[in-house]
Every structure is written in C-alpha cells, then in structure tokens.
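**Student:** The structure's right below; bear with me while I get my questions together.
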Amino acid sequence: MILHRRRELLLCASVLSMGLDATASANAQTATSTHHRASSHRTSSHAKTAAKTTAATQAPVGTTASVVSTPAAPTLNAQVNRRRAVASIDAGRSESVVVTGSALSTSNNQNANPVQIVTSKQIEQTGATTLGDYLQRLPSIGSSGTTNSQTNGTGGASCTDIRNLGQNRVLVLVDGKRAAINGNNSCFDMNTINVHQIASVEILKDGGSELYGADAVSGVINIKLKHNLSDGNITVRGGITDVGDGQTGMISGYKGWNFDHGRGNVTVSGSYMTQSGIKQSSRSWANPVQINDPASASSISYGSSIPTAGRFITDSGDYLATGTGGVRNFTKSDRYNYGNDQNLTNSLTNATLGFDAHYDINEHFTPYLNFNYSHRNSSTTMAPMPVSGSIYPSTLPTTLYIPADYPGNPTGEDAVMYKRMSEWGNRRSETASDTYTGIAGVKGAITHGWNYDLSYSYGWNQVMSQTSGVGNYSKLLQTYGLEQVEPGNSDSALVYNPSVCNAAAGCVLSNPFTKLSSAAAAYSNYTSHDHYYYQLRDLNLRINNNHVVHMPWKNGGDLGIAMGMEHRGEQLAYHPDALVESGQTLTNSASYTGGGFNVTEGYLEGKATLLHNAFLAKDLTIDAQGRYSEYNTFGSAKNWKASINWAPIQDIRFRATLGTSYRQPNVYELYGGQSLGYASATDPCDSVQAASYGAKSATVAATCAKQGINSSSFTSAYSGQTPTLYGGNSKLKPETGRTYTIGTVITPRWIPGLSASVEYWHYTLKNMITYLSSQYIMDQCYTGANTNYCSAITRVASTGQINSVTSTYANIGGLKTSGIDFDLDYRIRVTAHDVLTLSNNFQQLVSYLQQNEVGGQWYNYAGRMMYQSGYGMPRVRDYATVGWQHGPVGVTYMMNYIGGMRWNDGTTDLTRANGYGRTSTPGIFSHDVTVTYRWKTWNFQGGVTNILDKKPPFVASGTDNSASALYGNLYMGRYVFLQAGVNF
C-alpha cells in the first residue's frame, strides 16, 4: 500500500494544534483606510471576530469571498456592516476580494487576469446535475475533456479542460486548494462536487503556473463552496426526457450552526444523485452507426466489420459463417451495427458528504477543518467483445487461425477468424470510485496588515472497475480444440488437438463456425477487475499583506506582497487484473503502473498601484509573480508572470499579462504500462480509404504494395477502429510554454450595471507531451511524409491485417493557439419589482496550430473537426442568457451556439473531390428555459433544456455518429426537470 493513513491523521492533528494563525479578516482590512487600520487595534476582540464573520469564513488565497449566510453576531455594528455588505453585492458593486489569478485583493473588474465568475444560480438554472455538464456549455471549455455522455473508457468520470489544451493542463481547486484527482483518468472528477453546495466557480482563462503550480498551464477552475452557514436547506430535483428515459433524481441538503456568539461555525452537507443511462438504439440520429465512405455519394450504414456470426478471411476469399457450419461471401451489409447494443450515456449514482468547521479564538488564531467525500457508481454497456487474436505473440497467437485441416472447416483453407462474441453477452463496465480530501489548518492576522494561512491537505482516490464479457482467450482456444505449438502468428501457430479441451474442468468442445453453447460460453467468458489509486499530500503556507507600504509620490497607491511555500507529494498506482496483465484475455491488455513525485515550491507576488486618481490614471497597477520549484524527478524550474492594469478614466480599463509555464510529465505519461485500445482510425491500405488520398493515392498504393497488400482490393477487418498500443515513456522531457493576454474592460457610469470585456489570448507550448493519433502515424507512413513512423505499425504476415499501431506518449514539436473573448454582463432594475439581466460569453478561435514533430509542418486545426476522434475546435462559440425577475417570479432563457467545422483527418481537410459525401459539421443552436418561484421559505424551479429538441450534428467518429465532448448536452434530447427546496 502506498498510504499510511494513521501517519496522515496524526499530521492533520498536529497542524490543528500549532499556534499560528491564518489569513483572516483580509476583506475588512482591504476596505479600511490606513488610519482605520491603526485604530482597529483599539476595538474589542469580539468586534473583530464579528467583522470577520461578515464576509463569511476568509477565503483561501486565490478564491472569492462570498456572503452565503448571515450568522448571529455579538454586536450591532457587526450586524449593520453585514447588511451593508449584502446590500452592496445585491446592487452589483465591486468588492475588494481575493480573485483567482492573484493572492492579493482586488475586484474582478479591476483584475488584470481574465476571470469568469459563475454563480450557483446560473448553474442551477440549466438543470445540470453535475458541474461538468454545466461547464461544457461555456465557450472557453475545450472538447478534450470527458463527460457522462462518453461511454467508452471514461470510467464515469467527468473531466474538463480550458482552450482545448487538454485535461492534464488545467488545475482544478476547491476553495483555492488542491483536492484529490481521479486515479483512472489523472484529472479532477467534477462528479465529486455537490452542485447545490457551490457558491461560485471562478475560471482563470490565463496561465496560472506562477501562483498555483505546474499543471495550471491553460488556466485554473476554482470551485468555491458555501461555508459558514447558519440555516438549513433541503432541495429535491427530478427530470426526464420527453421520450421517457434518462431519468435523473437528486436530493441534497445542508445544516449550519453558529456557536459562542458567532465565533465558531459547523456546517454539514450531503447529496445523493442518480441518473439512468440512455440506449444508443433509442436515438435515431445515433443508430445505425455510420461512417463517411468516399466510395459512396453519402454516408452509409457501416458499423463494425467484425460480425456476431463470425467472419473468416483466407488467401482466396472473405466469408461469413451461416450459423449452421457453412459459410458464404462476406458483404458490406453483413457488418455489425453495435449501435443496437451499447449505451449512449452512462448510468450514474453519486453520493457526497461535506463537513466544514472553524472557530475564531482571536484575530490571530482561527483553526479550521474541511472534509469532502464522494462515492460514485457508474455503469455502461458496450457491444460484445470482438475476437481477432492477441497482440502479445510471446503468450498467445496474434491471430486466431483455424487450420485448413480443422474438422468441419468449410473454407478448406487456413482461415483467420474475426467474431463478436455475442454468446458472452454485451460487455458491461461497472466502476466504483471513492474520493475524499481533508484539510486542517490555522489562519489569521499576524500584525500590521499581514495575514497567514497554514494548512495540510490529504487526498485519496480509489477506483475499482470490473468489466464482464471480456473473454478468456486461452479457454476460448481450448473450447475450439486449438493448441498453440509455437509463438507468433505463423500458419502453424495453432493446430487442432481436441485433447486440450478438458471436460472435467468444464470445457465444452465447440465448432468455431457455429455459435457457442451456453456451457461453452460460460467456460470461456471472463470478468476482469482493475484497481486505481491516487494519493495527495500538500503542506501549504501563505502570507499576504495588501498594504505593505504607500507609494511616496503624489497620487501613489499601495504596495501589496504575497508569498508562500508548498511541499507536495503525489502518487498514482494502477493494478490491472492479473489475467489481463498476463495477456490471457481479449480485453484491452494493460501493465502495472506506479510512481510519484515530490516537489518543494516557493512563490512571491508583488502588486503596486503606481498611480491612483491622477490625470489619465484613475488607476495604474502592475503585478509581478514568480515561482521556484524543486522536483525530485526533474530538478528545478522557474516560472514568472507580469501584468499591467491601466484605467485612464473610471469607465474603461486596459490590461495585459505575460507569463511562462513549465509542466513535468505526470506519472502515467512517464511510467504507464502499455495498454491496448481501439482508436478511431482507418487502415490506409483499405480499398475505400486508399482511394481518398487524392494526389497521394499512388504513393499509398505503392507503400502498401511493398508490404504485400493490394490496396485496390484489400478490405480491413477493422472498420474505423484500429488496435492501438498506448503507454508511458520514461524518456519524456518537461514541456514549457508562454502565455499572454491583452484586453479591455468597460464599466460605463452612464449605463449602471453594465460590464463588458474584450480579451485577446495566445498560448505557446514547446516539447508538448501527447499521443499522436493512430491515423496520423499511418498517414505519415503510407503517404511517404515520414517513413520513420512505419516502424510503429505491425501487420499479420499472412493476411496483411493490422495487428497494432504503437502510440506511446512523446514530446512533439509544439502548439500555438490564440483567440478573442467577449464577455458582457448587464443588470438593470426596470421597475420597483422588475429586474432584467443579460449576459453573453463569446469566443472566436483565431488559430490552433500543432506541430507533430520538431521541425515538422504546422497544422491549423481551428474550425476543424477531427472527425474520427470526435474532437473539434469550432472557430465560434457563444453562450447567452436573458433573465427577468418580477417579485417572486423569475424567467431565464439560455442560448448555446457551437460553430460549424470542416472535417479533417489530422493532416488534410476532407473534400468532395476525393469522393466524400460529407465534409463538414453545421453550426448548432440550442435553447433552454427555466422558471423560478419563491414563496416564504420555499423555492420552486422548473425548466426545459434543449426545448426545440435539437439533434447533435453527424460526425463520422465510428462510435455514436456525433462528438460527445462538444455536443453531449444534446444527447438526451428535450429534457424536463422540476425542483423544490425549503430553507429552515
């Protein structure tokens, strides 16, 4: 075991007993003048405690303080201050708080970093039962994350990314601090968060490595939970699609208690959510599975070329088993439509439990404790297991040969068998994940405006996964009476020997050209069990002061300083099923993975207001951040960031940032054992695919011919899904990057309640760590662009079928991406009882350039859909809302737009000239409406998402006819939900 829980609990207890304080009452000190700060030492200790309670528990560095309750206070002045604070927030006035992207206080409109703040109300209005489902709507959230609409390989986790830079380059914080990630996906699982316990979510749309660590390359998502509650709430929600499936149900609640005149607080919360999966066969747009075929005038039903009856390829023919022991010629119409058997969305249940407590002993010493736990069960159904052989010739044959002299072989030749084992039933994957993070710390004021926060975090995740119907390859060979007499895939690797089928052990001798009996299926079937573990240990000290000195010149402002140190250790381990690891099964084979790293870091931030209330300088502020990291794996690294914020007048502000990033490879990227997956890719030597290369078709045909394949007649046994070996690479180097943003914020006095911003952003990555797609590797080889890639492709010598494509992690040339954001928020009180709110988040992707090898060609994927993988980079995305509040009644309309894209195979856009009937995806609008009503202590809400029942556009991904990472919110169709909550 990699954990020593007892030692960790003792360390948590020792942190609580330390005589240090945390960063308390920073909000009160920020809003107070220098004279007031001096006189505050003469106030009573109780008054200071009450003032701290006004802004709720002090937000950790990098979070926004939110007033989420009004606990009892010992003084009248504290109550008045609290009411004023609440009123000012309701009126939309900017409060000086710590916003993600800086460790020093500011208002978001005055922040140099582009930060989007999402409120709990905005999340609830969408009907989303998980945070991941909501974030998928936002234009800045990319399509390389995972959602509950992805049924193959996600394990039920919901991960996200920013700017399409990958889920391993975004840092997710909870209340400004790290939490345990999912060991299966190496990313933070959004399903672990109770959506009804969220106060707000801050999205830093800029690099944050200088302040938060190496993995904040693309940005930071800071989930701010509700704290310091003094009331209680129970909320119930239910929903269903208009066709009667996809049922969701949720109950959540919290209860908070103040004690000792408001100096202490304890809050507990919990939730339980369930969501039914949706069958792919229930949606006409997703079934039957289709693929873009250049040999046809339009997309045709394609499915899998491995049918349930069994397909047998010989030197002279391609046959389908009739089920009675005979065969006939195999045709395209014999392909298997796996859309009839698999899920479109996962089934999911999730339970959460939260505990939060603090006690203000005095202004210098506030111990606190946070604990969050989540238990998730998810399940999905996939098509029956395909049988084609093993990729490990040292253990089992790479091809399942039926010898020519096999009794009852109707082909009379050595035949390679490809078959979907429907006798084993559909594969069903069930995953149970337990995640918890505990934080113990102390915080408070030191002296003269200095504050500190010392904490220790311990996080743990365990994922247990089992998949039925994967098959025991060794036992299947015994069932067919086949004995392996030599390793590899030669024609003599397997011979007929019925004695290998031991009836006493339960083996039932069977004919491969007919269906297995129930007894034979039970003997050769297998259920695999995998285990994943993750551990986080994080000791963190933060110190800050917003008013260290006042600038000595006229109209000068204050200098603020923040600093901190962090010692963090992370460990990951993956224990695959023993039989799977040995290569004896037909499932995606895998190897043990384990390892970790330790890092000690220090950061420093300085923010100086050079001019304030001066001519053409209402505000001029500069900010500099630096971080030094010492890894036990890659040595040291330095990151820095600089920003400037200039407001010539009150109504307009210009801002810019420039920063660096350094990301070391994670454990899976370094040490991940090889595992077999089926990538969305097509063999270039397939007769249909080979004809689609245009001017390069002749080169493709020549390269295929050198390998003994006639591309004019060859048919791949894998239609759109190519066996691919993935794995880690211990020779990886860290990737480096640079990010800059330039923008402006407009808050005109003559239009109260309006805030608008425009931002240009640009990211550059060097030595980028990623997989190269199987399609790219094959295209580079067969088009002659780079024949070095040919060594990554292995084929079965006698049939020419692809055995595997090897695609381990690698440092590729790099990536450059840029775009423009436009955000608008407007709130106006129309009458005494009516309030109108408008908001819009718009993104224009200017470029997304990727260089797949150092010195190689740059490919621009902006406005392209990688149609075989389902990842897309639309040039235009927009999310807008319009709300109307009339007394207790509110109505909100939401619109989501995803721009159209051209299809690309990784290097080239698809064209009709090359025979493709479909070459692009159209732009898609979707619309949602919600209605709310407040009555006394009750809150009611109802809504319809995707009210026009918009279907996701067709994408020839070979899985579900669309792209779930982009269009997952449309997969359910029209969805109706109702919610009721009561406060007590």
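Just so it is clear, glycine is given a Cβ too, placed from its N, Cα and C backbone atoms.
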**Student:** Suppose you had to name the range TrEMBL annotates as motif 'TonB box'; which of 68-74, 96-102, 173-179, 943-949 would you pick?
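**Tutor:** Range annotated as motif 'TonB box' by TrEMBL: 96-102.
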**Student:** I'm validating the feature mapping. Which of 27-66, 107-146, 307-346 is tagged region 'Disordered' in TrEMBL?
**Tutor:** 27-66
**Student:** Would you mind splitting the motif 'TonB box' (96-102) into helix, strand and coil residue counts from DSSP?
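**Tutor:** With helix first, then strand, then coil, the motif 'TonB box' (96-102) has 0 helix, 2 strand, 5 coil.
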**Student:** Could you give me the DSSP helix, strand and coil counts for the domain 'TonB-dependent receptor plug' (110-220)?
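**Tutor:** With helix first, then strand, then coil, the domain 'TonB-dependent receptor plug' (110-220) has 25 helix, 27 strand, 59 coil.
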